[in-house]
Number of protein chains: 2
Amino acid sequence: MNRLNNLSSHLCTALAPPNHPLDPLSTVELAAAVKIIKRAYPGRQFSFNTVTLREPRKVDMTEWLKTPAHHIPREVYFVILETGTPGLIDGYLSLTDGQVKLFNHIKDAQPILTASDLSNTEKVVRTDPLVIEQCRISGIPAEDMHKVFCDPWTVGFDEKYGNSRRLQQAIMYYRSDPDDFQYSHALDFCPIIDTELKKVLYVKIPKIRRPLSQAPHPNFYPKDIEAGIGFRKDIKPIKITQPEGVSFKMNGNVISWQNFEFHIGVNYREGLVLSNVRYYDKFEGRVRPIFRRLSMADMIVPYGHPGDHHPHKLAIDIGEYGFGNCVNPLGLGCDCVGKIHYLDWSHVLRDGSVSTIKNAICIHEEDNGLLFKHADFRDEFQTSLVARARKLVVSQIATVGNYTYCFYWNFHQDATISLDVKLTGILNTYVANPDEKTEPYGTKVYPGVNAQNHQHMFCLRLDPEIDGSDNSVAMVDGARSTYPVGHPENKYGNAFFPERTVFKTAKESMVGYDGSRSRTWDIFNPNKVHPFSGKPVSYKIVSRDVPDLLPKDGGIVARRGAFAKHAIHVVPYKDDQLYPAGQHVPQTSGFPPAGLPEWIGEGNQNIENTDIVVFHTFGITHFPASEDFPIMPAEPITLLLRPRNFFLMNPAMDVPPSYAITASEVRAQKSGNQAMFDKGSQLAFGNAPVAPSSDCCK
Amino acid sequence: MNRLNNLSSHLCTALAPPNHPLDPLSTVELAAAVKIIKRAYPGRQFSFNTVTLREPRKVDMTEWLKTPAHHIPREVYFVILETGTPGLIDGYLSLTDGQVKLFNHIKDAQPILTASDLSNTEKVVRTDPLVIEQCRISGIPAEDMHKVFCDPWTVGFDEKYGNSRRLQQAIMYYRSDPDDFQYSHALDFCPIIDTELKKVLYVKIPKIRRPLSQAPHPNFYPKDIEAGIGFRKDIKPIKITQPEGVSFKMNGNVISWQNFEFHIGVNYREGLVLSNVRYYDKFEGRVRPIFRRLSMADMIVPYGHPGDHHPHKLAIDIGEYGFGNCVNPLGLGCDCVGKIHYLDWSHVLRDGSVSTIKNAICIHEEDNGLLFKHADFRDEFQTSLVARARKLVVSQIATVGNYTYCFYWNFHQDATISLDVKLTGILNTYVANPDEKTEPYGTKVYPGVNAQNHQHMFCLRLDPEIDGSDNSVAMVDGARSTYPVGHPENKYGNAFFPERTVFKTAKESMVGYDGSRSRTWDIFNPNKVHPFSGKPVSYKIVSRDVPDLLPKDGGIVARRGAFAKHAIHVVPYKDDQLYPAGQHVPQTSGFPPAGLPEWIGEGNQNIENTDIVVFHTFGITHFPASEDFPIMPAEPITLLLRPRNFFLMNPAMDVPPSYAITASEVRAQKSGNQAMFDKGSQLAFGNAPVAPSSDCCK
């Protein structure tokens, strides 16, 4: 406490510098930042929306990576609200000298919605006379308002108020019992709330009324399952342990594992941020950079129903709520099993106090099946070599209202990086009348429940540094020879090749996905070619869940979520150009363009052989079905970032095999197959599990 | 031995009936079948190519599934060769009455290539004067012919001999040392061998000569790695155990696990065959059929280089070699870790003797991450429920020369079935001259090594029985509303819906893949609709690695591998229509059409609401890179078969959660977050692993 009391005079010396310039702000730093703002503007009524690391300028980081003594000011980006003042104030300050550097009132921007903002909404809604009346019409008497719940959402774009006030829309639900599953009991109207005034402004009332469903709540907590279908009792445990500890090392937030090294950061918006991803290349005997920064920079979940207030359901979850803000504290044995290392994440609440979410990030290893295998037919596969794969998983789970998004960054021993996204949680639902036909825009997944069509479009931001900072991007398609069958150049008609289109300008990079052509994108360094193939060193984006954005061009979704209109956008690097839907996303109309469309403009910027950033949009189109209800089994999406012509050869050849025997050794041994396979290789790590005869056969 | 001696007179009584009519032939049955053939045709010189179960007629299986006492004759399909007779003889016999039922000489067909056929080829090639001469030209003296090796392949289609003789082509390689990696040292010519005469017929010699590479062999066995870059020493073991045993039960070849039940078969050609896949539906209190039969029915690997003899590299691996024939005996701790149950597979060798491959199929469970999760933002995610997923894995690994194919059938607790295919092993290679530019048809992955473009197109055969035998198939695309933005039906432009096209005829079903439209295919039962949604019960094919076949229509690849021209083919069910490239594939020209194109013809057959079979072709286009050399890290391909509107609700709701606490329980407990998460749910199985503070941080 002494430290904080002395802050106003001793700021330069009170705060210990971070281990790494990209480390998230510590609880001490967060408190100091709040104090600096209050001190700079005494007597003003501020509430704190966002207090986060202002990431160093790239030139400074580049210098620091070479020379850690290079001084980087420790800076904080903030967004605050001032009572009675429309819009928001953002800016940044320096913890190093205690000064506010920028303090910018933006009248027509609205800030991200935080847990603090959302926590009052249910109370506001329950006590509002307009809402009470609509509930009564739905079949809920006034004395039962405590049974009314709501999931507070951003409004999309509100035509009545635009961004002149800070708004939420309340997706309304009902519970008979406080522990009920509410999503089977949606209410048909939608209150619009002023977040700051804490009052309902108006209520959207549909033409066709749909009263409260009378169906039972399909609850699925243990007491409900035990009273109903009963739990499965035949699942035997699996134990996953690492008795000698883990293979990764953490030095603060910097992790080293299997030749990879990178910094793990977390912020309010993107959640996980992986920086300075580098790989120690044994062939070249040096550390080679791959990605300067990787993160999920935004996402949009447009709903496909054109009627009533449904088109206002277009949640830009990262820009409007923030994944860091929505991160779950993870539980051992539940969210992650095995030997887990966690990172906490701290943030500032509305009142300026500091709060810590424990176990926000989970780090662990997993066996990943076969790494590679070759067996020689000449001696019935006795000559063979088998290596098993290990992967490192850095993950977070964010819950945004009903949906739960799980992100798993996987690092592989062959220097591949992959991202798994799992979608689980609960469908957004609307009420359906008993004989209502919900097609084509929704599915009646339960009596009284209309689960509407939607998409989840994720925008991955890749700041590549493929063995150097000047990179390019090429689109690669499988292409048939242009020569017809029978032509001397294509006698048998079998000729095909990779058709490679290097993007020269931002505009050229705005392409879609073509699965029939096996389309991929190479991020490459034209200044470094492979000594054997002559091809530039690259990492290839292999991404196969890449649907078109279905909402149409010219509509609100395409304007606000322009990043989702193309699978790829490449732009020249500029500091602070992080968020593809713009800096302050809630309540934007899409005019003027913000984020990617603003940065790109006409799109004539050179993006070839220079410092670039790649935005890749991928996702799924979700047409709900009964299996998604009441809770959704995790649906997986995967993409890979694979080294291609980056390494001299397979970079995982030095992974000890589980088993390896040469042809000569086979001949020398002359023993039976089974004995050899049970023997194992001396170089295999640990002992293969004992294999008693299986006890599962009758 | 007594039993075998008495066979000729006591065949009806000597053989124990199988547990299940789909069980692979036992060693006793295989020996009996060989004896029956020899006894029926005494004095003739036969060699045995294929002796395998002739699967029961579907009507018989359907009857047996209802009434296990229903008698099904135990029948054997065979392919034999007769010395001096061109072509092959196939037919079938009954083990039940000891009689040969069909004995059919086919003059212009050639049989599958077996290990017995391939084992001589190297010797033949090494001693042939034409080959010795070409080796000398390449730079290999006659006394070094023992250093010459070859991978014997099928010929594709040979213009000189067609199918008048039984042929192989030898892909030539060189090893300085018997344990050398040979694929860096391809030779530029290609001998064509008569398998039965064991002689070289002619040698394909390219116009441009490419002598033996002088580069070192990039060997990767332990002695090589230790002498070179050295092994990684920092991989700590992971232990995966099931101390209480496994959750699955085997009754002979029938497995039960987590409401699934199915028969696991293996045959010479498809390898793994999963039959009678059914699920006990707790909601309906009955067992419901899903798939009658699932298998990988063929595949084609066309190479994309139009020059020299390369277009003859179009390996139809399943039809020309057989996955069962190429199956690896799997090693504990290597190919599979944990508590493993294995199945052996037995087959007949050329000379009629019986051989058993141990551990041909591996069966085990794995933790599969998060099954589902919901957390309530209202109390900072304290109210939550988390369940972990378990999967059952039934797998095999087949090595066909250089490539190793790993197939993993996964069964999930939410009744999803998924298939993972991993490709590993070694690239097919050709020699490259030092200054040669290998583009666009290949990549120089190593000095002297041209790795050519190719595709792997897999054809999955699904015989569905979606809650009954009469099924249909619909193609489902994400489609935009036809109304423009601003129209009353689409004011905001956000409207989209699933566009569903039901295939009425076989011809209509021959469609491609469109990733931009999130295309999927529903196999459904139009006679059973979901009580809530009114949608027909279905299983959806979610498959995202579905490139077009790049070799052109009218060429040899498209003719022989016609199954690869479309992502989907649906045909009416007919017994024995198993193999989409035809019954006997080696050396076919594609004229007349065999397999799918033969069955489909004009394609006017009704395939709606009837007993159908679905063929789905998926795969990858491979443009090699240095990371694939010398051995390839496993490249994964996945597809899902997901229940949609099949179950009343999420069928995995009865999986005990790892953790579950309701809002009321949270309020009652009033304890800190960390304690609650460590506590775990009483219903979680076993104990969550102890979480000491991680020892990995400095």
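Glycine residues also receive a Cβ, built from the backbone N, Cα and C atoms like all the rest.
Pulled from TrEMBL:
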type	residues	note
DOMAIN	A:20-86	domain 'Copper amine oxidase N2-terminal'
DOMAIN	A:111-212	domain 'Copper amine oxidase N3-terminal'
DOMAIN	A:238-653	domain 'Copper amine oxidase catalytic'
ACT_SITE	A:Asp317	active site, proton acceptor
ACT_SITE	A:Tyr403	active site, schiff-base intermediate with substrate
MOD_RES	A:Tyr403	2',4',5'-topaquinone
Cβ neighbour count (within 10 Å, all chains shown) around A:Asp317 (active site, proton acceptor)
23
The residue listed as 'active site, schiff-base intermediate with substrate' to A:Asp317 (active site, proton acceptor), Cα to Cα, whole Å, comes out at 10
Sort the residues of the domain 'Copper amine oxidase N3-terminal' (A:111-212) into helix, strand and coil with DSSP and give the three counts.
29 helix, 26 strand, 47 coil
Around the Cβ of the residue listed as 'active site, schiff-base intermediate with substrate', the count of other Cβ atoms that are within 10 Å:
21
Checked against DSSP, the composition of the domain 'Copper amine oxidase N2-terminal' (A:20-86) is 23 helix, 17 strand, 27 coil
Helix, strand or coil at A:Tyr403 (active site, schiff-base intermediate with substrate) [DSSP, three-state]
strand
Averaged over the domain 'Copper amine oxidase catalytic' (A:238-653), what pLDDT does the predicted model reach?
96
